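J.: Take a look at what TrEMBL says about it:
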type	residues	note
DOMAIN	113-306	domain 'CheB-type methylesterase'
ACT_SITE	Ser126	active site
ACT_SITE	His153	active site
ACT_SITE	Asp248	active site
Amino acid sequence: MIKTVFKLKLDCLIFAANIPLMNNLQTLKTITRSTPLSVVMISSLMKAGAEGIIKVLGLGTVDFINKIREGIGYIDTISNEIINRDYAATVDLKTTKQYIDNNQLYLPKKISPLTSSHKLVAIGTSTGGPKALQQVITKLPADLPCGVVIVQHMPPGFTKSLAERLNQLSAVTVKEAENGDYIKPAHVYIAPGDYHMLVRREALGEVISLNQNPPIGNHRPSVNALFESVVPFGKSLVAVILTGMGNDGAEGMQHIKRANGYIIAEDKSTSVVYGMPKAVVDLGIADEVLPVDRIASAIVNAVKRN
């Protein structure tokens, strides 16, 4: 199969993982290291396992489509989903190989203690997010003086494994958010799939609230829902938009900007899909537009300044 892929010079490969997922990892590594190719994997979540899918997404795979059932009748459903997502037209193909080449652990640097309170970092991302988050969250220092809340567009079953993997690699504590969690410094909370995540302020601190209100722009969790909820943090907020398809988060970012929040957007050079960041950049409201490998330090500096 590998020789055929190289010969055809494809823009996008639809990879049906019908054998045990770990058996496909080496094949995917070989393909993505050798050609600027976007890979969309189709498999059953039950067969592949959420932990395995997260590892595959970390290899530079652009996206995963959950094959809910078998049979000829389901082929049209999958085909329509692929067409609607339009990977070949939206993906910056040169970034896939770059993500693989840069796939090393980043050892968090100790920084001087920061004095701050009631500050917050909010991050939104979609396609390409698992790898981008790995490059950002693993660089955050253990003495980060505020919490981080993240919406990553993912279906149920994935976000817990993503949080566990990031927790293993990071100096900060990473977990899947639960309703009623109080936000702690140097803790990262990832919205669970199929739940909107909001942040509200109470007398004892900042609390995470989860709900299953209708999807916003076809997304649940929604980046906009999170961003709108953190607008009251004003200048104490650092909001970050990473790689992703569409424009989820752009509307919330406008309100954050009006409240004097600090906005960081990933630039085109490292975005797997330059959609969500582009929507923010085009509005002219980003304070910094940076490659993904510089965003963690920008977050720390922004928290330090604000």
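If you go along the chain as it appears here, the first residue is 1 and each next one adds 1.
Any Cβ shown, glycine's included, is placed from N, Cα and C.
Annotations in TrEMBL come from automatic prediction, not curation.
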J.: Taking the Cα atoms as reference points, how far is His153 (active site) from Asp248 (active site) in Å?
T.: 10
J.: Taking the Cβ of His153 (active site) as the centre, how many other Cβ atoms fall within a 10 Å radius?
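T.: The answer is 25.
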